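Here is the structure we will look at.
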Amino acid sequence: MVRKPGLFLPLLLLLLGPAPARSIGQLPLILNTWPFRNATVAAWKTLAAGGSALDAVESGCATCEQQQCDGSVGFGGSPDESAETTLDAMIMDGTTMNVGAVGDLRRIKNAIGVARKVLEHTTHTLLAGEAATKFAESMGFINEDLSTNVSQALHSDWLARNCQPNYWKNVIPDSSKYCGPYKPPAILKRDGITYEDTAHSYSHDTIGMIVIHKMGNIAAGTSTNGIKFKIPGRIGDSPIPGSGAYADDMVGAAAATGDGDILMRFVPSYQAVEYMRRGENPTTACEKVISRIQKYFPNFFGAVICANVTGSYGAACNKLSTFTQFHFMVYNPLKSEPTEEKVDCI
């Protein structure tokens, strides 16, 4: 029996699935949180020079660290209670599912670079604190003070305002009125006295970046100096795989920004990728993640960016009175230059 060529091709396409996204000209793709244009350009130039998706993520995030994007990435910003700036960063390879991350990194400026070394030279995923600094030094990074006149002035002003805001609760003295040191009431035998649990919600910017190479390899990463006046030792969502960012060559990638203490409880980047795995488009996947968190924390500050293997992308954010739109950067072959886009919060 002779097969009719016209029937064979549709059958082959059905068995193999849709053609790779690169055939429709939307790859490579660079997507990152906030209007950090220079970071987007740096990542794009890395790809254009023949770099990998991982190289591009590292380059883009490192640019923000060097330029201290919005004072919330890199050295000299967001001092903790003791006036020290510490850094969190992560990089993930969606081809191998390997991750390198650092949390509470001290006195090393290039956090994303150290995270890349964790990925390449260890079988671990996350290193933290002073031990992460020692590791960085062994990898050739320079130990130097991350404080600046700006971060020192921020801390001095905070002390003058009786350490407001801070992130303590149910302690003595009253953390909504006074500086510490703080202790639980039971330790100080102050039974019978009630203390107000004062909630704080303060905006914060983290660079989260997604890169999809023209060959389909996907990487994602983050870099941040955390929230201002955090309790020393605090690590946010950014260096946590699945929270700050997540990448899978078979599906796509996502990255989150906002209140890391809340975001990490919902592993939003992983969840967004899983929604896309089930067939949701990137915008819907991002919106579902935000809606999931809203059920428990309706007033949380946060946003998510998502991209799938076809180069389609989307974003979503939680609407607050002071935060109604989320801005992010996009660069792909369909655009002559990096484009700032925005989405209305839900």
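Even glycines carry a Cβ here, placed using N, Cα and C.
Some features that TrEMBL has for this protein:
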- 1-21: signal peptide (SIGNAL)
- THR206: active site, nucleophile (ACT_SITE)
- ARG234, ILE235, GLY236, ASP237, THR257, GLY258, ASP259, GLY260: substrate binding site (BINDING)
| request: Determine the C-alpha span of the substrate site listed in the record, that is the greatest distance between any two of ARG234, ILE235, GLY236, ASP237, THR257, GLY258, ASP259, GLY260, in Å to the nearest whole number. | output: 16
| Between ILE235 (substrate binding site) and the residue listed as 'active site, nucleophile', what is the CA-CA distance rounded to a whole number of Å? | 13
| said: Tell me the Cα distance separating THR206 (active site, nucleophile) from GLY260 (substrate binding site), rounded to the nearest angstrom. | reply: 10
| said: For the binding-site residues listed here (ASP237, ASP259), tell me which residue's CB has the most neighbouring CB atoms inside 10 Å. | reply: ASP237
| field | GLY236 (substrate binding site) to THR206 (active site, nucleophile) - Cα separation in whole Å | value | 10
| request: List the Cα distance (Å, whole number) between the residue listed as 'active site, nucleophile' and ASP237 (substrate binding site). | output: 10
| task | Take the Cβ of ARG234 (substrate binding site) and count every other Cβ within 10 Å, whichever protein chain it belongs to. | result | 17
